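As written in TrEMBL, here are the features:
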- 1-48: region 'Disordered' (REGION)
- 10-21: compositional bias 'Low complexity' (COMPBIAS)
- 36-46: compositional bias 'Basic and acidic residues' (COMPBIAS)
- 80-503: domain 'Major facilitator superfamily (MFS) profile' (DOMAIN)
- 80-99: transmembrane segment (TRANSMEM)
- 146-165: transmembrane segment (TRANSMEM)
- 171-194: transmembrane segment (TRANSMEM)
- 206-227: transmembrane segment (TRANSMEM)
- 239-261: transmembrane segment (TRANSMEM)
- 318-342: transmembrane segment (TRANSMEM)
- 354-373: transmembrane segment (TRANSMEM)
- 385-404: transmembrane segment (TRANSMEM)
- 410-430: transmembrane segment (TRANSMEM)
- 442-463: transmembrane segment (TRANSMEM)
- 475-495: transmembrane segment (TRANSMEM)
Amino acid sequence: MAFPDFPRTSASSSPSPSSSSVAFQELSEQNPGHLIGDEKDEKASQDENMETVKLSVQNAQISDSPALTRKLLLKLDLRILPILALLFLCSFLDRTNVGNAKTYKLEHNLGMTDHQYDTGLAVFYATYIASEIPSNLVLKKVSPRVWLPALAIMWGIVTMSLGFVKNYHEFVAVRAILGVCEGGLLPGMVLYLSGMYTRGEMALRLGLFYTAASLSGAFGGLLARGISAIGDRHGLYKWSWIFIIEGLLTVAVGFVTYFILPNNVETASFLTEDERILASARLRKDLPSRLAQDGSEHQHEVFQWSEVRRGVFNISTWLSALAYFGILAGLYSFGLFLPTIIVELGYTANQAQLWSVIPYAVASVVTVGIAFVSDRMKLRGTIMLFVLIPAIIGYAVIANISVAHPKVKYGMTFMMATGMYASVPCVLVWNSNNSAGHYKRATTTALQLMIANSGGFVATFIYPSKDKPQFRKGHTTVLGLLVFAWFMVLFNVLYCRKVNQDKKAGKYDKFIGSGDDRDPDFLLVL
């Protein structure tokens, strides 16, 4: 810390003791209470400084305790991650169970054409995308503990309503409402986790709960198979019961979440006082200097539209979002053709649901492993450049192989699933890692997902039933998008590297003390 230079005085210019005494006496006679008040203020200030020093020493001792840190992380992981994973599992089930319902004659029973069915899928993504930024800005006002469970309860009720639709128009309307309710969950969870863990711990945690997405493909198939055994009952079709029962499960999970999820580390009742101090200190240490001195950005930051604008016009956000767009186009369409490939092996529709479990299960294990490596190496985009390659190879093979090789096609689905799913935690946490300031991070997280989820539009229209069983056009389209994603990741790595070089060269010195990601102390993750 630099101290100001004061003018130095020589011995000859120093005031004599006698003159000082006279001045002191005169001042005392003129205002005797003034000096007494100053002495009290000075004593109070000294006491306050001593208390601050004691607290700083205590915090430093707590922060330097590896055993307490391990205990803290274990507590956070066991309390937060399972319920978030369950929420995300419900989210993925409730948006993709329409694919399982389709195998049980959803289109036929509602009198829909292929195009109408695709429109019903696409309208979900339209409202889903539109709700993401508003939902993230509301999150802080309402609090995560209330907002995230409320979203789950709402979309669970809407999912149940899908079981009672009677025609195409009702199907489209309910799917649109489902998108509004569900859109805020993933950006909200990413934003929430960024306030609970440091930048170097995010990928593994996101990877752990994002495996729920891959497991939803496995679990969804098993659940749909079990629910279909109910059959057509009480005036409802098999597929109706899939929506009703899975929606009811989501509502139950939403209520449970309210009682489990803490708002932040400072108010987490399941932590001890020392653990709360440590958790807050770790988050402050992970921030640029001014924010670290002021305290938690989440506690002190006031909403400003300038922070929203900074998020919207951030180059790195757009590059990572475009990469994520290509990946999600493949992810969302993966479940649309996987059952068809399995049926080509000679299995029935029910057996296809069971065989679809294996690629998703393998992908979930690989996703956690890659996320762990990403955190250990503190690299995001660089890891993705390697992880995306198997998915690209898988789509290149499956797009050009003949229908006479169904086993090879099924084998390629493992490479496709692992490459795409394992990339997602890296790309999600990358954007969050490189944004500082609550409202900027809220904006960039939601904007990234808005752009990325537009891949859902692509997914719904590139695999029409008439292209069965080869789906050459769809596979080729996703192949092109994954190659595009790979280059977007590369450009973002180079961009982040250039920003870091500029910060070290002093080109960002005007932002010293800004307390956000422009601060030279805040280096971007590659």
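Even glycines carry a Cβ here, placed using N, Cα and C.
Predicted-model confidence for the domain 'Major facilitator superfamily (MFS) profile' (80-503) is 86, expressed as mean pLDDT. 318-342 is the stretch from 171-194, 239-261, 318-342, 410-430 with the greatest number of Cβ pairs below 8 Å to the transmembrane segment (475-495). Counting Cβ pairs under 8 Å that are 6 or more residues apart, the transmembrane segment (171-194) and the transmembrane segment (354-373) reach fewer than 3 and are not in contact. Ranking 146-165, 354-373, 385-404, 410-430 by CB pairs under 8 A with the transmembrane segment (318-342) puts 410-430 at the top.
With a cut-off of 8 Å between Cβ atoms, the residues of this chain six or more beyond the transmembrane segment (239-261) that come close are 79-80, 83-84, 86-87, 90-91, 93-94, 97, 100-102, 104-106, 109, 144-146, 148-153, 155-164, 223-224, 227-228, 230, 233.
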